[in-house]
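Undergrad: Here's the feature list from TrEMBL:
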- 25-47: transmembrane segment (TRANSMEM)
- 67-84: transmembrane segment (TRANSMEM)
- 104-124: transmembrane segment (TRANSMEM)
- 136-160: transmembrane segment (TRANSMEM)
- 172-194: transmembrane segment (TRANSMEM)
- 206-225: transmembrane segment (TRANSMEM)
- 245-275: transmembrane segment (TRANSMEM)
- 282-299: transmembrane segment (TRANSMEM)
- 311-331: transmembrane segment (TRANSMEM)
Amino acid sequence: MGTGAISSLLAHFHFHQPDSKALEIFTLLFFFLDLVFFVLICGATIARYCIFPELWSTMIEHPTQSLFIGAFPMGAATLINGALTVHQTYDFAGRGFLYALWGLWWLDCAISFFTTVGMLYVIMTKQRHSLDQMSAVWLMPTATLVVASSTGSLLASALIPVNARHAQLTAAASFTILFMGLSLCLMVITVYLMRLMIHGPLDVNLIFSSFIILGPLGQGGFSILVNSQNVKALHLVPSLSVEAIQSVCFCIAWALWSMGLIWLCISLASVYGVVRQQRVPFALGYWGLIFPNAVYALLTVELGAILESVVLNYLGAVFSGFVFLLWAFVFTKTIPAVWNTTLFYSPCVSKLDEDTLALFANQARFSGE
């Protein structure tokens, strides 16, 4: 997710020369790096549950690790975004490739919908939660619809010169899943604020998840802005004023950007309060910093482009540069952690008893033989 968001940031970077080869190379580099990461992680995940099928139910019942199932459709959505950028900007492939991406997007929407509804059902029936144990990770299942909506808005824009009816269908579906996901996310954010006010900042192991809130706010605002432009181009609402709808969409996007700004400050304050007391060891959770900040920077860039605002353009460039440096830092720290395997920690496995772990080990040994 984080690497794919960097690719999107580069594709929308405001300050660059037309036909910049350097920007083209970096955009393609991060897209293919994102593709490699996605294939490797999916392959490892499939192998894990094929070798140890018992782990699936254990993971689903875990109150924290199961929420990260939502990362799969969101990671896939960043790949579709990157491939669409390659198709449009660099004239890669033809109409068939565009429709292949369109089909993959519908599949991603279906997975996102079932992830949202399915995980909410699991949370209500299979898991036990309490307010003091809540974190912003609760947003992961519901944010999948918002991210899929953002991809749909970009696809609808690309489909306009190809097939207006398909573009209209895509834009309508994108708006629908956007408001589905965004409404749920705003409810969860409200509960999370209450949790912070009653129980204080998160535990040191989850403190960086505070920034996850920027994800649905930034991606939701970006989706609304792009979809509002599609409304004008497609004449989706002929009986209403297109300018009025665009104004309403812009106000919603600006409100989401403003909410993101205050939550950025709250998250920084929470991190400061924890870090000043104890060190935060490097873990996989560091990667959770990148995607939310990247999509919030993307919304800032898009607002600057629409308003032709110098302040927002420079602010978006600063945010983008910060996110890129953050990605470079986390990526550099990840390489040795992968090599010595300290990065690979599964909370649900650590709760299994020794007899179960011994059974899994014997199964792996017999499979190897």
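Every residue gets a Cβ built from N, Cα and C, even glycine.
Bear in mind that TrEMBL entries carry predicted annotations, made automatically and left uncurated.
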Undergrad: May I ask you to check whether the transmembrane segment (172-194) and the transmembrane segment (67-84) make contact, with contact taken as at least three Cβ pairs under 8 Å and only pairs 6 or more apart in sequence counted?
TA: no
Undergrad: Report, as numbers and ranges, which residues of the same chain sit near the transmembrane segment (25-47): CB under 8 Å and 6 or more residues beyond its ends.
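TA: Apart from its flanks, the transmembrane segment (25-47) reaches 3-4, 6-7, 10-11, 72, 75-76, 78-79, 82-83, 85-86, 89-90.
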Undergrad: Where else in the chain does the transmembrane segment (136-160) make close Cβ contacts, counting only residues six or more beyond its ends and a cut-off under 8 Å?
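TA: For the transmembrane segment (136-160), the nonlocal Cβ contacts are 64, 67-71, 73-74, 77-78, 80-81, 84, 87-88, 98, 101-102, 105, 108-109, 111-113, 115-116, 119-120, 123, 166-168, 170-171, 173-175, 177-178, 180-182, 184-185, 188-189, 191-192, 202, 206, 209-213, 215-216, 219-220, 222-223, 226-227, 229-230, 233-234, 295.
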